[in-house]
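*Asks:* I have a structure here, written as structure tokens, and I will follow up with some questions on it.
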Amino acid sequence: GTPCGESCVWIPCISSAVGCSCKNKVCYKN
């Protein structure tokens, strides 16, 4: 549930490498 400081409107989360995932056009970790 922690914002990763990245949006995923046009491209996937680069921060998915550290466990972030796309939710509501923003990348979150848990």
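In case you wondered, yes, glycine gets a Cβ from its N, Cα and C as well.
Pulled these features from Swiss-Prot for this protein:
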type	residues	note
DISULFID	C4-C20	disulfide bond
DISULFID	C8-C22	disulfide bond
DISULFID	C13-C27	disulfide bond
*Asks:* Under DSSP, is C22 (disulfide bond) part of a helix or a strand, or is it coil?
*Replies:* strand
*Asks:* Expressed to the nearest Å, what is the distance separating C8 (disulfide bond) and C20 (disulfide bond) at their Cα atoms?
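*Replies:* Computed Cα spacing between C8 (disulfide bond) and C20 (disulfide bond) is 11 Å.
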*Asks:* Check C27 (disulfide bond) against DSSP and tell me helix, strand or coil, would you?
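*Replies:* The residue in question, C27 (disulfide bond), is strand (DSSP, three-state).
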*Asks:* May I ask you to report the DSSP-based helix, strand or coil state of C8 (disulfide bond)?
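*Replies:* In three-state terms, C8 (disulfide bond) counts as coil.
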*Asks:* Counting every protein chain present, what is the number of Cβ atoms, excluding its own, within 10 Å of the Cβ of C13 (disulfide bond)?
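*Replies:* Cβ-Cβ neighbours of C13 (disulfide bond) within 10 Å number 20.
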*Asks:* Give me the count of other Cβ atoms within 10 A of the Cβ belonging to C22 (disulfide bond).
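*Replies:* There are 18 such Cβ atoms around C22 (disulfide bond).
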*Asks:* Which of these disulfide-bonded residues is closest to C4 (disulfide bond) if you go by CA atoms: C13, C22, C27?
*Replies:* C27
*Asks:* I'd like the number of other C-beta atoms within 10 A of the C-beta of C20 (disulfide bond), please.
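*Replies:* The answer is 22.
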*Asks:* To the nearest whole angstrom, state the Cα distance for the pair C20 (disulfide bond) and C27 (disulfide bond).
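*Replies:* Cα-Cα, rounded: 6 Å.
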